[in-house]
Amino acid sequence: MQRYWRFQDNKIQDICFGVLGESWIQRPVMARYYSEGQSLQQDDSFIEGVSDQVLVAVVVSLALTATLLYALLRNVQQNIHPENQELVRVLREQFQTEQDVPAPARQQFYTEMYCPICLHQASFPVETNCGHLFCGSCIIAYWRYGSWLGAISCPICRQTVTLLLTVFGEDDQSQDVIRLRQDVNDYNRRFSGQPRSIMERIMDLPTLLRHAFREVFSVGGLFWMFRIRIMLCLMGAFFYLISPLDFVPEALFGILGFLDDFFVIFLLLIYISIMYREVITQRLTR
């Protein structure tokens, strides 16, 4: 006695019997058609023809790309925030009254980069942790003359400024430059150790990583132990990216398997920025 497989869908069963005949629909053949029918019934994706894994990967990639573009392009905006315009106006008037004596030629560090406070070419520029550039004397005056209870907010984006990074070199040893370095160190000593949220650390990534990698590949920059730690982090991220052993293996989850790779690399970049901030803090205590 022959045993036959029965479809749950009677229409599919009638079509198979009519085309092949019931004698041909034996167990191996029926098993194959049954599995194909079940796979078609279970293939219910959000968009027909595109798997849900691909959709999730595309959405996550677009979100990360949008965040990165926002972090990179926000520095293009150089207009003073409306809440800070009054303080900046007072500072500009004070700078104009102090310019009775001709000022020395300004040293150029950034091509066509102007300070948003004094509206002149940036002189001995200082960069905030949010990535905006100002004259060193302008941002210090903005801090001194403002009624701040703690760290200042950026005159442009209103983000809390917890770190000032000098962009000019150490060749100039004039009295004004020495006083400016002391003021910058004083500010960093007060506010660089403030607790930071995870979102604030992410927003600081482009600026801190740029300064960290610049010092890694410069002579007399960071000490060798910190350089070795950065190299180990980069090597660990590279080997994890090419390793077949993953928390979310690509063989099982397809494109979604790459998300954990990018997440690990992202965490390592945040760790490098935290280390660099600690190095700057240690310099202030020497």
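Note: Cβ is positioned from N, Cα and C throughout, glycine not excepted.
Predicted-model confidence for the topological domain 'Lumenal' (1-52) is 52, expressed as mean pLDDT. Annotation comment: Swiss-Prot describes 1-52 as topological domain 'Lumenal', evidence class sequence analysis.
Residues annotated as transmembrane segment in Swiss-Prot, with sequence analysis given as evidence: 53-73 (among others).
The annotation topological domain 'Cytoplasmic' is assigned in Swiss-Prot to 74-229 (among others).
If you look up Swiss-Prot, you'll see 115-158 marked as zinc finger, on the strength of sequence analysis.
The annotation transmembrane segment is assigned in Swiss-Prot to 230-250 (among others).
Taken from Swiss-Prot, the feature transmembrane segment covers 252-272 (among others).
Away from its own ends, the topological domain 'Cytoplasmic' (273-286) comes close to residues 163, 165, 185, 188-189, 192-193, 201, 204-205, 208-209, 211-212, 222-223, 226, 229-230 of its chain (Cβ-Cβ under 8 Å, at least six residues beyond either end). Residues or ranges marked as topological domain 'Cytoplasmic' by Swiss-Prot on the basis of sequence analysis: 273-286 (among others).
According to DSSP, the zinc finger (115-158) comprises 10 helix, 9 strand, 25 coil. DSSP assignment over the topological domain 'Cytoplasmic' (273-286) gives 12 helix, 0 strand, 2 coil.
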